[in-house]
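Structure record follows, encoded as structure tokens.
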Amino acid sequence: MVQVGDVSIGSGKPKICASITETDRKSIIAAADILLQKRVDIIEWRIDYYREAGHWDMVLETLQRLKMSLYGRPLLVTFRTKEEGGSQEIETAAYRELLDHIAQSGLVDMIDVEIFKDFTYEELAGDRTPEVKERFENLKQWIESLRQRVVVVGSYHNFDRTPEDAELKDRLQIIDESGVDIPKMAVMPANRLDVMRLMMFTLQMAEQMDKPLITMSMSRIGSISRISGEAFGSAVTFGSIGQESAPGQLPVNKLEEMLDMIHQNYQ
Ligand SMILES: O=C1C[C@@](O)(C(=O)O)C[C@@H](O)[C@@H]1O
């Protein structure tokens, strides 16, 4: 279990996270005000949507305002890169510099790090060359430095497909090995079997791992994976308020009802 403020991630009901996807400061704060009125456990600020995401000083100023508006509600900051379904590209050095500034600001509770940003699957899953080993070691050290200030969520997104079971497993092991607090995987199903595979995989891995795990099968047919976390082992579910930040998200109030219902049956 990972504790963030009052929120226990990895025990009981899956926690509800909703994202702010606005492009300017005023709308970001307005969106936070709306989210605060909902039963949302964690608020995610998707900075890749923010027009000024390239300027860390502007990001920090907005973050300060946002933090004030949240009254202690846990805040996750995510820069989702274009390669993993986000809305902006960013060089690795700038990505790390931005996340470093955010972690050091003391204004956020959790940060999302894309583990495969600089690596191909083949580089990490097979025998690693000395050069790859060194780069991965460097990533681990950076993650450890972030962890001094924030909880680190290590993510992998595939908007094209659901990889085969062996690849899912390798990727999760790699995320775990990177030293993050919470591994997260979001994949796209081609059919209902892919949704089942992801849920089965989640169940098996959640039983073996000593960390909370977050998974989701995206798109409409994957929606079931967003409510079944308590049954199959996904600790956080992402819901929408207006605009979805990923396909298949369910509205947070409906999500809350469904999670409550399942939770009661588990007592
Ligand atoms: O990683 C995730 C999960 C997500 O992609 C989803 O499918 O709900 C939504 C993103 O905002 C978030 O950063």
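Just so it is clear, glycine is given a Cβ too, placed from its N, Cα and C backbone atoms.
Taking all protein chains in view, 24 other C-beta atoms sit within 10 angstroms of the C-beta of Arg226 (3-dehydroquinate binding site). Secondary structure at Arg226 (3-dehydroquinate binding site), as computed by DSSP, is helix. Among the features that TrEMBL reports, 3-dehydroquinate binding site is placed at Ser19, Glu44, Trp45, Arg46, Arg80, Arg226, Ser245, Gln249.
Among the features that TrEMBL reports, active site, proton donor/acceptor is placed at His157. DSSP gives His157 (active site, proton donor/acceptor) a strand state.
Over all protein chains present, the Cβ of Lys184 (active site, schiff-base intermediate with substrate) has 26 other Cβ atoms lying within 10 Å. Per TrEMBL, the feature active site, schiff-base intermediate with substrate maps to Lys184.
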Measure from each Cβ of the binding-site residues Trp45, Arg226, Gln249 to the atoms of ligand 1 and list the residues where some distance is under 6 Å.
Gln249
Densest Cβ neighbourhood among Arg46, Arg80, His157 (recorded positions), 10 Å radius
Arg80
Cα-Cα separation of Arg226 (3-dehydroquinate binding site) and Lys184 (active site, schiff-base intermediate with substrate), in Å?
13
Among Ser19, Glu44, Trp45, Arg46, Arg80, Arg226, Ser245, Gln249, recorded 3-dehydroquinate binders, what is the largest CA to CA distance in Å?
20
